[in-house]
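Following: one structure in structure tokens, then a few remarks.
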Amino acid sequence: MIAFIKLLRRTINSFLTSLVFFAILAVAVLMWGISTHMSVRNIGKLNAMKRSSGNDDANSYIETPSTTEMETSLPVRKEVDNSFTHSQFVPDKSEQQDINAPEEKTQNKGLNLRSRQEYFIPPPDDVPVRRFPQAVIIGFGKCGTRAMLTFLSLHPYIVIHHEEVHFYTDDKLYAKGYKWYLNQMPFSYSNQVTMEKSPDYVCSNRARQEIAEHFPDCKLIVLVRNPVVRIVSAFLQRFRFKETTQRPPMNVMYMNTKTNEFNPNASAVDVGIFHKHLSPWLRTFSRDNILVVSDEDLTTDPLSVLKRAEKFLNIPPMLNEDNFYYNETSGFYCCRRYSTDEQPRCMNINKGWKHPELPADDEKMLYDFYRPHNKKLFKLLNETYNWEKT
């Protein structure tokens, strides 16, 4: 009897042990099934996020609160697909992390907070997003637009597109639509000014009409220059890759080479008739939205020009004499940002060439041609520039 009871106990203990083992195993299998199911659901969600954002990296998707700034509606043209998703206005994680990286890593975004973070304060909880330009340097070519953009990029409340976009003047780019245009812009905070420069806009009716229709409050910056000197600069730009001895005569810019007569319709000549191209813009936009400065002033006293620009753009006055120094070797001003470990930036080798002399008769002819046009410009702007030969 005692032996039977012992056997019964061992049997019961074995059964209970097996029952506990199978119970634990069942729980483990159940937990594994739930985990697998959730993983599949998450992968599905991430794939949906990628498809809606157009981003191949699911980990770069960032969901942020919807704001008016982020969901700026795109101008619509019938012939262009301007549909967009909210995620196009939201930077991915890698882009946000790079905001404070050295300039060489962020130059396409126009942000250099590493050296300017002491001077720039973004709004609380603000996220940098792409915005349409609130300011555009529209012209004129060979009148200091690159220097103006570079100097303005010193300001911590300005972010720039470093290259010329030519959205309105290049048919192929224009056909890509405003979604493409927006995606070319750098990331910026809501209290910064996004800026681009395309010097051929000033001569384009399409640029003027499109900007007026879709961005009527856009700030427009125009640089002008002694038009005779501008022709020489345009000549050097056009033939910059040729040795001096291989360049054609300078009169190819303003003479009909077949008849050897002055050609007032030559492109290089026409651009310098500033009042002709600027008048339509002044009729279309408020005068308060257009800043006109001369390249001569920018070259000799950049700080005073930039102080005017700060006021024009309604941004804090922060640039000062410490941001500039005169380079005796080049004869031009160089600029420096705020950080002490950053090298000053001077004009590159493609800028600031020594100008060759125009033939005396050609020079007189050009000054005589432009003189009445310059007077019309001075009257239009109620400002006079010393553009006579000195």
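Placed from the backbone N, Cα and C atoms, the Cβ positions cover glycine too.
Residues or ranges marked as transmembrane segment in TrEMBL: 12-34.
Feature annotation from TrEMBL assigns domain 'Sulfotransferase' to 133-372.
For Gly144 (3'-phosphoadenylyl sulfate binding site), other Cβ atoms within 10 Å of its Cβ number 27. As annotated by TrEMBL, 3'-phosphoadenylyl sulfate binding site applies to Lys142, Cys143, Gly144, Thr145, Arg146, Arg225, Ser233, Tyr333, Lys351, Gly352, Trp353, Lys354, His355.
The Cβ of Lys142 (3'-phosphoadenylyl sulfate binding site) has 25 other Cβ atoms within 10 Å, all protein chains considered. Here TrEMBL flags Lys142 as active site, for sulfotransferase activity.
TrEMBL lists Cys334-Cys346 with the feature disulfide bond. Around the Cβ of Cys334 (disulfide bond), the number of neighbouring Cβ atoms within 10 Å comes to 17.
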Report summary line: Students should find that the Cα atoms of Gly144 (3'-phosphoadenylyl sulfate binding site) and Cys334 (disulfide bond) sit apart, in Å rounded to an integer, by 14
Requested in this report: Determine, using Cα-Cα distances only, which of these binding-site residues is closest to Cys346 (disulfide bond): Lys142, Arg146, Ser233, His355.
Outcome: Arg146
**Report entry** Distance, Cys334 (disulfide bond) to Lys142 (3'-phosphoadenylyl sulfate binding site) (CA atoms, angstrom)
**Finding:** 18
Report summary line: Cα nearest Cys334 (disulfide bond) among binding-site residues (Arg146, Ser233, His355) -> Arg146
Query - For His355 (3'-phosphoadenylyl sulfate binding site), the number of other Cβ atoms found within 10 Å of its own Cβ - result: 11
